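Per TrEMBL, the features are as follows:
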type	residues	note
DOMAIN	9-103	domain 'Pyrroline-5-carboxylate reductase catalytic N-terminal'
BINDING	L13, G14, G15, G16, V17, M18, A73, V74, K75, P76	NADP(+) binding site
DOMAIN	166-270	domain 'Pyrroline-5-carboxylate reductase dimerisation'
Amino acid sequence: MEQRSLPLRLGFLGGGVMAEAIIRGIIEKKLVDASSVTVYDVVESRLDLFQKMGVGTCKNSFEILHADVIVLAVKPDVVSEALKSIKDGWKPEKHLLVSICAGVSIGTIEQQLVSKSRVIRVMPNTPCLVGEAAVAFSCGSCATTDDQKVVEKIFSSVGLASCVPEKLLDAVTGVSGSGPAYVYMFIEALADGGVLNGLPRDVSLSLATQTVLGAAKMVASGNEHPAKLRNAVESPGGTTIHGTSTLEKHNFRTAVIQAVTAATNRAKELGGSK
């Protein structure tokens with residue numbers, strides 16, 4: 001079913017690759033026209049790129065405030081400077097701020113804007129660049145139900161979007177934020193295993209990549225638990241059960257679980273959580 005358009009103007013404070021991916025997604029899904037999107041970035045070449053897409057650009061950050069939804073897409077170390085540049089023109093009744101800045105809490109943003117500002121914090125991941133993001137977001141105390149729906153529409157245009165309490169965003173970082181790197185490592189190892197056993201590298205990598213893609217689609221498209229799908233492939237005494245039992249011997253699942261926990265704990269450290 002075609003998604004309905006958003007009758008809103010969007011402004012992006014920061015025009016990096018993640019912002020570009022989001023903008024391409026919302027335009028391709030016809031949520032907004034390119035003419036309803038404006039970007040400000042300090043890098044001139046990025047503004048040139050957006051102009052070629054038909055997207056508006058600004059000469060300074062303050063001009064972005066003509067938009068209704070402001071997406072804060074700058075690096076975490078310049079968040080304070082970016083918010084300071086728009087604070088004087090910020091109107092809580094008009095503006096919704098959506099932050100995709102890693103490790104910057106809703107409270108930190110609210111403290112640097114005016115009272116009763118509507119803020120939603122979003123944790124996207126890099127598959128956003130190919131329209132297959134796993135996105136989680138959390139709403140500030142002043143954000144409305146309509147604000148939540150707007151964010152769901154925006155980020156559903158580049159993948160899957162789920163609302164969670166902010167205290168869980170560190171765990172989201174451990175699973176979906178860092179998760180693509182774990183999957184890349186698995187694909188690399190699966191392909192190397194094929195090479196070790198005689199497959200040409202290009203063939204082995206293609207097979208490994210498609211295997212992960214197909215398996216993920218089977219999990220996503222049905223109601224079966226991954227363990228049940230795995231059991232269905234493991235014939236008694238067959239090749240697969242010998243392979244999976246070897247993974248178990250080498251603590252494959254424990255290693256993945258511990259990786260998620262380590263990434264979660266590091267996210268907490270970086271964000272000052274306890």
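A Cβ is built for glycine as well, from the same backbone N, Cα and C atoms used for every other residue.
All annotation found in TrEMBL is predicted automatically rather than curated by experts.
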Set of same-chain residues at least 6 away whose C-beta sits under 8 angstroms from K75 (NADP(+) binding site): G14, C101
Confidence summary (mean pLDDT) of the domain 'Pyrroline-5-carboxylate reductase dimerisation' (166-270): 96
Neighbour-count leader, CB within 10 A, binding-site residues: L13, V17: L13
